[in-house]
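What TrEMBL lists as ATP binding site is A:11, A:12, A:13, A:14, A:15, A:16, A:17, A:18, A:19, A:20, A:21. Sequence annotations record features per position, and here TrEMBL assigns Zn(2+) binding site to A:194, A:204, A:207, A:210.
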(Lines of atoms letter the chains of each structure in order from A and count residues from 1; the text may use other names and numbers.)
(Lines give C-alpha, C1' and ligand atoms only; values in the text may rest on other atoms or scores of the structure.)
Protein backbone atom coordinates (compact mmCIF):
# COMPACT_ATOMS: atom_id res chain seq x y z
CA UNK A 1 0.00 0.00 0.00
CA UNK A 2 1.26 3.41 -0.98
CA UNK A 3 0.98 6.12 1.64
CA UNK A 4 1.04 8.86 -0.98
CA UNK A 5 -2.00 11.04 -1.49
CA UNK A 6 -4.08 9.81 -4.39
CA UNK A 7 -5.21 11.98 -7.28
CA UNK A 8 -7.74 11.22 -10.00
CA UNK A 9 -6.55 12.71 -13.29
CA UNK A 10 -8.89 13.18 -16.25
CA UNK A 11 -6.84 12.11 -19.23
CA UNK A 12 -8.10 12.53 -22.80
CA UNK A 13 -4.84 11.86 -24.58
CA UNK A 14 -4.54 15.46 -25.72
CA UNK A 15 -1.68 17.75 -24.79
CA UNK A 16 -3.46 19.61 -21.99
CA UNK A 17 -4.31 16.43 -20.10
CA UNK A 18 -0.80 15.00 -20.66
CA UNK A 19 0.57 18.20 -19.14
CA UNK A 20 -1.81 18.04 -16.19
CA UNK A 21 -0.87 14.45 -15.47
CA UNK A 22 2.83 15.37 -15.42
CA UNK A 23 1.91 18.29 -13.17
CA UNK A 24 0.07 15.99 -10.70
CA UNK A 25 3.01 13.58 -10.77
CA UNK A 26 5.45 16.40 -10.02
CA UNK A 27 3.39 17.19 -6.91
CA UNK A 28 3.96 13.65 -5.64
CA UNK A 29 0.47 12.18 -6.00
CA UNK A 30 -0.26 8.52 -6.63
CA UNK A 31 -1.95 8.83 -10.02
CA UNK A 32 -5.28 7.29 -11.04
CA UNK A 33 -6.21 8.09 -14.64
CA UNK A 34 -9.76 8.19 -15.95
CA UNK A 35 -10.66 8.50 -19.62
CA UNK A 36 -14.05 8.58 -21.29
CA UNK A 37 -15.17 6.65 -24.33
CA UNK A 38 -18.04 8.89 -25.45
CA UNK A 39 -18.30 7.87 -29.06
CA UNK A 40 -15.44 9.97 -30.38
CA UNK A 41 -15.10 9.64 -34.16
CA UNK A 42 -11.87 7.68 -33.66
CA UNK A 43 -9.99 5.94 -30.86
CA UNK A 44 -6.55 7.52 -31.36
CA UNK A 45 -7.25 9.83 -28.42
CA UNK A 46 -7.92 6.89 -26.09
CA UNK A 47 -4.82 5.09 -27.32
CA UNK A 48 -2.85 8.26 -26.58
CA UNK A 49 -4.41 8.40 -23.10
CA UNK A 50 -3.24 4.85 -22.47
CA UNK A 51 0.32 5.71 -23.59
CA UNK A 52 0.42 8.87 -21.47
CA UNK A 53 -0.78 6.90 -18.42
CA UNK A 54 1.88 4.24 -18.98
CA UNK A 55 4.59 6.89 -19.35
CA UNK A 56 3.53 8.36 -15.99
CA UNK A 57 3.48 5.02 -14.14
CA UNK A 58 -0.11 5.46 -13.00
CA UNK A 59 -1.44 3.21 -10.22
CA UNK A 60 -4.61 2.66 -12.27
CA UNK A 61 -6.30 3.79 -15.47
CA UNK A 62 -9.97 3.23 -16.25
CA UNK A 63 -11.82 4.00 -19.47
CA UNK A 64 -15.41 4.82 -18.64
CA UNK A 65 -17.97 4.29 -21.42
CA UNK A 66 -20.49 7.10 -21.78
CA UNK A 67 -23.49 6.31 -23.97
CA UNK A 68 -23.47 8.88 -26.77
CA UNK A 69 -27.16 8.63 -27.59
CA UNK A 70 -27.91 11.73 -25.54
CA UNK A 71 -25.04 13.76 -27.02
CA UNK A 72 -26.93 14.92 -30.05
CA UNK A 73 -26.00 18.11 -31.79
CA UNK A 74 -22.21 17.80 -31.52
CA UNK A 75 -19.76 17.42 -34.36
CA UNK A 76 -17.52 15.26 -32.17
CA UNK A 77 -20.06 12.46 -32.02
CA UNK A 78 -22.26 12.66 -35.10
CA UNK A 79 -22.27 13.53 -38.75
CA UNK A 80 -21.93 17.31 -38.64
CA UNK A 81 -18.70 18.23 -40.48
CA UNK A 82 -15.71 19.28 -38.41
CA UNK A 83 -14.76 22.80 -39.52
CA UNK A 84 -11.34 23.18 -41.16
CA UNK A 85 -9.03 26.20 -41.35
CA UNK A 86 -11.18 28.55 -39.29
CA UNK A 87 -9.62 31.87 -38.35
CA UNK A 88 -9.00 32.84 -34.70
CA UNK A 89 -12.01 35.13 -35.06
CA UNK A 90 -14.26 32.33 -36.20
CA UNK A 91 -13.09 30.16 -33.31
CA UNK A 92 -13.71 32.73 -30.59
CA UNK A 93 -16.86 34.30 -29.25
CA UNK A 94 -19.41 31.59 -30.01
CA UNK A 95 -20.09 28.07 -28.73
CA UNK A 96 -18.11 25.77 -31.06
CA UNK A 97 -19.87 23.16 -33.17
CA UNK A 98 -17.76 20.54 -31.37
CA UNK A 99 -19.46 21.37 -28.07
CA UNK A 100 -20.77 18.30 -26.19
CA UNK A 101 -23.62 19.14 -23.79
CA UNK A 102 -22.57 19.11 -20.13
CA UNK A 103 -19.40 17.18 -21.02
CA UNK A 104 -17.03 18.38 -18.32
CA UNK A 105 -19.83 18.25 -15.75
CA UNK A 106 -20.48 14.60 -16.58
CA UNK A 107 -16.79 13.69 -16.74
CA UNK A 108 -15.92 15.45 -13.47
CA UNK A 109 -18.93 13.85 -11.76
CA UNK A 110 -17.84 10.36 -12.74
CA UNK A 111 -14.26 11.21 -11.73
CA UNK A 112 -15.66 12.38 -8.40
CA UNK A 113 -17.34 9.00 -7.93
CA UNK A 114 -14.04 7.29 -8.69
CA UNK A 115 -12.23 9.60 -6.27
CA UNK A 116 -14.67 8.83 -3.51
CA UNK A 117 -14.34 5.09 -4.09
CA UNK A 118 -10.53 5.38 -3.99
CA UNK A 119 -10.43 7.69 -0.97
CA UNK A 120 -8.91 10.44 -3.14
CA UNK A 121 -9.75 14.09 -2.52
CA UNK A 122 -7.90 15.63 -5.44
CA UNK A 123 -9.08 15.79 -9.04
CA UNK A 124 -6.91 17.14 -11.85
CA UNK A 125 -8.43 18.38 -15.10
CA UNK A 126 -6.66 20.06 -17.98
CA UNK A 127 -9.41 22.51 -18.90
CA UNK A 128 -8.34 25.76 -20.41
CA UNK A 129 -10.36 28.96 -20.73
CA UNK A 130 -8.00 30.87 -22.99
CA UNK A 131 -7.95 28.90 -26.22
CA UNK A 132 -11.45 27.44 -25.83
CA UNK A 133 -13.34 30.45 -24.53
CA UNK A 134 -16.56 29.26 -26.18
CA UNK A 135 -16.96 26.29 -23.83
CA UNK A 136 -18.87 27.37 -20.71
CA UNK A 137 -17.53 24.39 -18.76
CA UNK A 138 -13.87 25.36 -19.31
CA UNK A 139 -14.07 28.56 -17.25
CA UNK A 140 -12.68 29.13 -13.74
CA UNK A 141 -16.16 29.96 -12.40
CA UNK A 142 -17.43 26.59 -13.59
CA UNK A 143 -14.57 24.72 -11.91
CA UNK A 144 -15.12 26.66 -8.66
CA UNK A 145 -18.86 25.90 -8.75
CA UNK A 146 -18.20 22.22 -9.41
CA UNK A 147 -15.79 22.07 -6.49
CA UNK A 148 -18.31 23.75 -4.17
CA UNK A 149 -20.97 21.28 -5.28
CA UNK A 150 -18.60 18.32 -4.87
CA UNK A 151 -17.94 19.27 -1.27
CA UNK A 152 -21.68 19.12 -0.53
CA UNK A 153 -22.23 15.94 -2.55
CA UNK A 154 -19.78 13.56 -0.95
CA UNK A 155 -18.95 11.78 2.26
CA UNK A 156 -15.47 13.29 2.16
CA UNK A 157 -16.87 16.80 1.87
CA UNK A 158 -19.39 16.21 4.66
CA UNK A 159 -16.65 14.81 6.87
CA UNK A 160 -14.49 17.88 6.29
CA UNK A 161 -11.86 16.40 3.96
CA UNK A 162 -12.03 19.04 1.28
CA UNK A 163 -12.40 17.88 -2.31
CA UNK A 164 -10.16 19.98 -4.52
CA UNK A 165 -10.52 20.33 -8.29
CA UNK A 166 -7.11 21.31 -9.66
CA UNK A 167 -7.18 23.08 -13.01
CA UNK A 168 -3.82 24.90 -13.07
CA UNK A 169 -3.82 25.27 -16.87
CA UNK A 170 -7.12 27.13 -16.91
CA UNK A 171 -5.78 30.63 -17.49
CA UNK A 172 -2.63 29.65 -19.40
CA UNK A 173 -2.18 30.08 -23.14
CA UNK A 174 -1.46 27.00 -25.21
CA UNK A 175 2.14 28.19 -25.53
CA UNK A 176 2.48 28.53 -21.74
CA UNK A 177 1.02 25.04 -21.27
CA UNK A 178 3.54 23.59 -23.72
CA UNK A 179 6.43 25.46 -22.07
CA UNK A 180 5.36 24.11 -18.67
CA UNK A 181 5.00 20.61 -20.13
CA UNK A 182 8.45 20.73 -21.66
CA UNK A 183 9.86 21.73 -18.24
CA UNK A 184 7.99 18.76 -16.69
CA UNK A 185 9.42 16.40 -19.30
CA UNK A 186 6.13 15.62 -21.08
CA UNK A 187 6.61 13.48 -24.18
CA UNK A 188 4.17 15.21 -26.53
CA UNK A 189 4.82 12.59 -29.21
CA UNK A 190 2.44 10.35 -27.22
CA UNK A 191 -0.45 12.82 -27.41
CA UNK A 192 -3.24 13.26 -29.95
CA UNK A 193 -5.23 16.44 -30.58
CA UNK A 194 -6.73 16.17 -34.07
CA UNK A 195 -10.51 16.04 -34.51
CA UNK A 196 -10.21 14.57 -38.00
CA UNK A 197 -7.18 12.28 -38.40
CA UNK A 198 -6.42 9.94 -41.31
CA UNK A 199 -7.46 6.28 -40.94
CA UNK A 200 -3.97 5.49 -39.62
CA UNK A 201 -4.12 8.29 -37.05
CA UNK A 202 -2.14 11.06 -38.72
CA UNK A 203 -3.35 14.50 -37.66
CA UNK A 204 -4.97 16.70 -40.32
CA UNK A 205 -3.21 19.93 -39.37
CA UNK A 206 -6.30 21.95 -40.31
CA UNK A 207 -9.06 21.40 -37.73
CA UNK A 208 -9.49 23.85 -34.84
CA UNK A 209 -7.64 21.55 -32.49
CA UNK A 210 -4.63 21.06 -34.80
CA UNK A 211 -4.46 24.80 -35.52
CA UNK A 212 -4.44 25.67 -31.81
CA UNK A 213 -1.82 23.03 -31.13
CA UNK A 214 0.46 24.14 -33.97
CA UNK A 215 0.13 27.79 -32.98
CA UNK A 216 0.91 26.81 -29.37
CA UNK A 217 4.13 25.04 -30.30
CA UNK A 218 5.12 27.89 -32.60
CA UNK A 219 4.45 30.51 -29.92
CA UNK A 220 6.34 28.40 -27.37
CA UNK A 221 9.32 28.18 -29.71
CA UNK A 222 9.08 24.39 -29.48
CA UNK A 223 8.84 21.63 -32.08
CA UNK A 224 5.64 19.59 -32.21
CA UNK A 225 6.96 15.99 -32.37
CA UNK A 226 3.87 14.50 -34.06
CA UNK A 227 3.37 14.11 -37.82
CA UNK A 228 0.78 16.00 -39.86
CA UNK A 229 -0.89 15.26 -43.18
CA UNK A 230 -0.69 18.88 -44.38
CA UNK B 1 -44.02 19.67 -32.40
CA UNK B 2 -45.25 20.34 -28.90
CA UNK B 3 -44.96 23.93 -27.74
CA UNK B 4 -44.99 22.88 -24.09
CA UNK B 5 -41.94 23.43 -21.93
CA UNK B 6 -39.87 20.27 -21.68
CA UNK B 7 -38.74 18.73 -18.42
CA UNK B 8 -36.23 15.97 -17.82
CA UNK B 9 -37.41 13.76 -14.96
CA UNK B 10 -35.07 11.36 -13.16
CA UNK B 11 -37.13 8.22 -12.70
CA UNK B 12 -35.86 5.28 -10.67
CA UNK B 13 -39.12 3.39 -10.43
CA UNK B 14 -39.42 4.07 -6.69
CA UNK B 15 -42.26 5.95 -5.11
CA UNK B 16 -40.49 9.30 -4.78
CA UNK B 17 -39.65 9.49 -8.48
CA UNK B 18 -43.16 8.34 -9.47
CA UNK B 19 -44.50 11.17 -7.35
CA UNK B 20 -42.14 13.71 -8.87
CA UNK B 21 -43.10 12.65 -12.40
CA UNK B 22 -46.80 13.15 -11.59
CA UNK B 23 -45.85 16.49 -10.06
CA UNK B 24 -44.04 17.60 -13.24
CA UNK B 25 -46.98 16.41 -15.34
CA UNK B 26 -49.39 18.40 -13.19
CA UNK B 27 -47.34 21.51 -13.97
CA UNK B 28 -47.92 20.99 -17.69
CA UNK B 29 -44.43 19.97 -18.82
CA UNK B 30 -43.70 17.71 -21.76
CA UNK B 31 -42.02 14.84 -19.90
CA UNK B 32 -38.69 13.22 -20.79
CA UNK B 33 -37.76 10.42 -18.41
CA UNK B 34 -34.22 9.29 -17.71
CA UNK B 35 -33.32 6.19 -15.72
CA UNK B 36 -29.93 4.75 -14.88
CA UNK B 37 -28.81 1.17 -15.17
CA UNK B 38 -25.94 1.23 -12.69
CA UNK B 39 -25.69 -2.44 -11.90
CA UNK B 40 -28.52 -2.62 -9.42
CA UNK B 41 -28.86 -6.10 -7.93
CA UNK B 42 -32.08 -6.60 -9.88
CA UNK B 43 -33.99 -4.93 -12.73
CA UNK B 44 -37.41 -4.64 -11.10
CA UNK B 45 -36.73 -0.96 -10.43
CA UNK B 46 -36.06 -0.26 -14.12
CA UNK B 47 -39.17 -2.21 -15.13
CA UNK B 48 -41.12 -0.07 -12.66
CA UNK B 49 -39.57 3.08 -14.17
CA UNK B 50 -40.76 1.98 -17.61
CA UNK B 51 -44.30 1.41 -16.32
CA UNK B 52 -44.40 4.75 -14.51
CA UNK B 53 -43.22 6.53 -17.68
CA UNK B 54 -45.88 4.79 -19.76
CA UNK B 55 -48.58 5.70 -17.23
CA UNK B 56 -47.50 9.36 -17.51
CA UNK B 57 -47.47 9.44 -21.34
CA UNK B 58 -43.88 10.64 -21.49
CA UNK B 59 -42.53 12.05 -24.77
CA UNK B 60 -39.36 9.96 -24.30
CA UNK B 61 -37.68 7.66 -21.81
CA UNK B 62 -34.01 6.70 -21.94
CA UNK B 63 -32.16 4.22 -19.78
CA UNK B 64 -28.58 5.34 -19.45
CA UNK B 65 -26.03 2.62 -18.63
CA UNK B 66 -23.50 3.62 -15.98
CA UNK B 67 -20.52 1.31 -15.65
CA UNK B 68 -20.53 0.04 -12.08
CA UNK B 69 -16.85 -0.80 -11.92
CA UNK B 70 -16.09 2.44 -10.11
CA UNK B 71 -18.97 2.09 -7.63
CA UNK B 72 -17.08 -0.05 -5.19
CA UNK B 73 -18.01 -0.11 -1.55
CA UNK B 74 -21.79 0.01 -1.93
CA UNK B 75 -24.26 -2.68 -0.93
CA UNK B 76 -26.50 -1.76 -3.87
CA UNK B 77 -24.00 -2.95 -6.42
CA UNK B 78 -21.77 -5.55 -4.78
CA UNK B 79 -21.74 -8.36 -2.29
CA UNK B 80 -22.09 -6.50 0.98
CA UNK B 81 -25.32 -7.71 2.63
CA UNK B 82 -28.30 -5.38 2.59
CA UNK B 83 -29.23 -4.74 6.24
CA UNK B 84 -32.65 -6.00 7.33
CA UNK B 85 -34.95 -4.74 10.08
CA UNK B 86 -32.78 -1.84 11.21
CA UNK B 87 -34.33 0.53 13.72
CA UNK B 88 -34.93 4.22 12.88
CA UNK B 89 -31.94 4.95 15.07
CA UNK B 90 -29.67 2.64 13.12
CA UNK B 91 -30.85 4.17 9.85
CA UNK B 92 -30.21 7.78 10.83
CA UNK B 93 -27.06 9.69 11.62
CA UNK B 94 -24.51 7.77 9.57
CA UNK B 95 -23.82 7.28 5.86
CA UNK B 96 -25.84 4.19 4.90
CA UNK B 97 -24.09 1.06 3.60
CA UNK B 98 -26.19 1.44 0.43
CA UNK B 99 -24.47 4.75 -0.39
CA UNK B 100 -23.20 4.96 -3.99
CA UNK B 101 -20.34 7.47 -4.39
CA UNK B 102 -21.40 10.67 -6.12
CA UNK B 103 -24.55 9.00 -7.41
CA UNK B 104 -26.92 11.96 -7.61
CA UNK B 105 -24.12 14.16 -8.93
CA UNK B 106 -23.49 11.72 -11.78
CA UNK B 107 -27.18 11.14 -12.50
CA UNK B 108 -28.03 14.85 -12.47
CA UNK B 109 -25.03 15.62 -14.69
CA UNK B 110 -26.14 13.13 -17.32
CA UNK B 111 -29.71 14.42 -17.03
CA UNK B 112 -28.30 17.90 -17.56
CA UNK B 113 -26.62 16.73 -20.78
CA UNK B 114 -29.94 15.28 -21.93
CA UNK B 115 -31.73 18.51 -21.00
CA UNK B 116 -29.29 20.57 -22.98
CA UNK B 117 -29.62 18.30 -26.02
CA UNK B 118 -33.44 18.55 -25.81
CA UNK B 119 -33.52 22.29 -25.18
CA UNK B 120 -35.03 21.67 -21.72
CA UNK B 121 -34.19 23.92 -18.78
CA UNK B 122 -36.04 22.06 -16.06
CA UNK B 123 -34.86 18.96 -14.23
CA UNK B 124 -37.03 17.13 -11.71
CA UNK B 125 -35.51 14.82 -9.10
CA UNK B 126 -37.27 13.04 -6.26
CA UNK B 127 -34.51 13.37 -3.68
CA UNK B 128 -35.57 13.57 -0.08
CA UNK B 129 -33.54 14.78 2.87
CA UNK B 130 -35.89 13.67 5.63
CA UNK B 131 -35.96 9.90 5.39
CA UNK B 132 -32.44 9.57 3.92
CA UNK B 133 -30.57 12.11 5.97
CA UNK B 134 -27.35 10.10 5.67
CA UNK B 135 -26.96 10.80 1.95
CA UNK B 136 -25.05 14.07 1.44
CA UNK B 137 -26.41 14.38 -2.10
CA UNK B 138 -30.05 14.37 -0.97
CA UNK B 139 -29.83 17.69 0.90
CA UNK B 140 -31.24 21.06 -0.25
CA UNK B 141 -27.76 22.62 -0.15
CA UNK B 142 -26.48 19.99 -2.58
CA UNK B 143 -29.35 20.60 -5.01
CA UNK B 144 -28.79 24.37 -4.82
CA UNK B 145 -25.06 23.94 -5.46
CA UNK B 146 -25.72 21.62 -8.39
CA UNK B 147 -28.13 24.14 -9.89
CA UNK B 148 -25.61 26.97 -9.49
CA UNK B 149 -22.94 24.83 -11.17
CA UNK B 150 -25.33 23.81 -13.98
CA UNK B 151 -25.97 27.44 -14.81
CA UNK B 152 -22.24 27.99 -15.29
CA UNK B 153 -21.70 24.72 -17.18
CA UNK B 154 -24.16 25.04 -20.02
CA UNK B 155 -24.96 27.03 -23.11
CA UNK B 156 -28.47 27.67 -21.73
CA UNK B 157 -27.05 29.05 -18.49
CA UNK B 158 -24.52 31.23 -20.31
CA UNK B 159 -27.25 32.55 -22.58
CA UNK B 160 -29.40 33.47 -19.59
CA UNK B 161 -32.04 30.73 -19.80
CA UNK B 162 -31.87 29.60 -16.21
CA UNK B 163 -31.52 25.88 -15.54
CA UNK B 164 -33.76 24.91 -12.64
CA UNK B 165 -33.40 21.74 -10.57
CA UNK B 166 -36.80 21.01 -9.05
CA UNK B 167 -36.74 18.88 -5.92
CA UNK B 168 -40.08 19.66 -4.27
CA UNK B 169 -40.09 16.49 -2.15
CA UNK B 170 -36.78 17.31 -0.51
CA UNK B 171 -38.11 18.44 2.87
CA UNK B 172 -41.27 16.29 2.89
CA UNK B 173 -41.71 13.18 5.02
CA UNK B 174 -42.45 9.91 3.25
CA UNK B 175 -46.04 10.20 4.48
CA UNK B 176 -46.38 13.69 3.02
CA UNK B 177 -44.94 12.49 -0.29
CA UNK B 178 -47.47 9.66 -0.44
CA UNK B 179 -50.34 11.98 0.46
CA UNK B 180 -49.27 14.36 -2.32
CA UNK B 181 -48.92 11.44 -4.74
CA UNK B 182 -52.38 10.15 -3.92
CA UNK B 183 -53.79 13.64 -4.63
CA UNK B 184 -51.94 13.62 -7.97
CA UNK B 185 -53.37 10.20 -8.83
CA UNK B 186 -50.09 8.26 -8.71
CA UNK B 187 -50.58 4.53 -9.14
CA UNK B 188 -48.12 3.25 -6.53
CA UNK B 189 -48.79 -0.34 -7.59
CA UNK B 190 -46.41 0.37 -10.51
CA UNK B 191 -43.50 1.35 -8.24
CA UNK B 192 -40.73 -0.70 -6.67
CA UNK B 193 -38.74 0.23 -3.58
CA UNK B 194 -37.23 -2.99 -2.18
CA UNK B 195 -33.46 -3.45 -2.11
CA UNK B 196 -33.76 -7.23 -1.77
CA UNK B 197 -36.80 -8.64 -3.60
CA UNK B 198 -37.56 -12.32 -4.31
CA UNK B 199 -36.53 -13.69 -7.73
CA UNK B 200 -40.02 -12.88 -9.04
CA UNK B 201 -39.85 -9.30 -7.78
CA UNK B 202 -41.85 -9.48 -4.53
CA UNK B 203 -40.60 -6.93 -1.98
CA UNK B 204 -39.01 -8.27 1.21
CA UNK B 205 -40.74 -5.90 3.60
CA UNK B 206 -37.65 -5.80 5.83
CA UNK B 207 -34.90 -3.79 4.15
CA UNK B 208 -34.45 -0.09 4.97
CA UNK B 209 -36.30 0.91 1.82
CA UNK B 210 -39.32 -1.34 2.49
CA UNK B 211 -39.46 -0.26 6.14
CA UNK B 212 -39.48 3.44 5.18
CA UNK B 213 -42.11 2.82 2.53
CA UNK B 214 -44.38 0.84 4.82
CA UNK B 215 -44.04 3.42 7.60
CA UNK B 216 -44.81 6.16 5.04
CA UNK B 217 -48.03 4.51 3.92
CA UNK B 218 -49.04 3.80 7.54
CA UNK B 219 -48.34 7.41 8.59
CA UNK B 220 -50.24 8.68 5.54
CA UNK B 221 -53.21 6.51 6.44
CA UNK B 222 -52.99 4.94 2.98
CA UNK B 223 -52.77 1.36 1.77
CA UNK B 224 -49.57 0.27 0.00
CA UNK B 225 -50.91 -1.53 -3.09
CA UNK B 226 -47.83 -3.74 -3.65
CA UNK B 227 -47.35 -7.25 -2.22
CA UNK B 228 -44.73 -8.18 0.38
CA UNK B 229 -43.08 -11.47 1.28
CA UNK B 230 -43.23 -10.82 5.02
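The backbone N, Cα and C atoms fix where each Cβ goes, glycine too.
Annotated features taken from TrEMBL, shown on the structure.
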residue	record	Cβ within 10 Å
A:11	ATP binding site	32
A:13	ATP binding site	23
A:15	ATP binding site	29
A:17	ATP binding site	25
A:19	ATP binding site	27
A:21	ATP binding site	28
A:194	Zn(2+) binding site	25
A:204	Zn(2+) binding site	19
A:207	Zn(2+) binding site	22
A:210	Zn(2+) binding site	24
Checklist entry - In angstrom units, rounded to an integer, how far apart are the Cα atoms of residue A:17 (ATP binding site) and residue A:194 (Zn(2+) binding site)? => result 14
Checklist entry - Which are the residues of the chain, A:11, A:12, A:13, A:14, A:15, A:16, A:17, A:18, A:19, A:20, A:21 excluded, whose CB is within 8 A of where the CB atoms of the ATP site average out, their centroid? => result A:49, A:52, A:126, A:191
Checklist entry - Could you state the CA-to-CA distance between residue A:210 (Zn(2+) binding site) and residue A:15 (ATP binding site) to the nearest Å? => result 11
Checklist outcome for this item: For residue A:19 (ATP binding site), the closest of the binding-site residues by C-alpha position, picking from A:194, A:204, A:207, is A:194
Next on the checklist: Can you tell me the CA-to-CA distance separating residue A:13 (ATP binding site) and residue A:194 (Zn(2+) binding site), as a whole number of Å?
Outcome noted: 11
Item to check | Cα separation, residue A:194 (Zn(2+) binding site) to residue A:15 (ATP binding site) (Å, whole number) | outcome: 11
Item to check | Nearest-integer angstrom distance between the alpha carbons (Cα) of residue A:194 (Zn(2+) binding site) and residue A:11 (ATP binding site) | outcome: 15
Next on the checklist: Can you tell me whether DSSP puts residue A:207 (Zn(2+) binding site) in helix, strand or coil?
Outcome noted: strand
Item to check | Inter-residue C-alpha distance, residue A:207 (Zn(2+) binding site) and residue A:11 (ATP binding site) (nearest angstrom) | outcome: 21
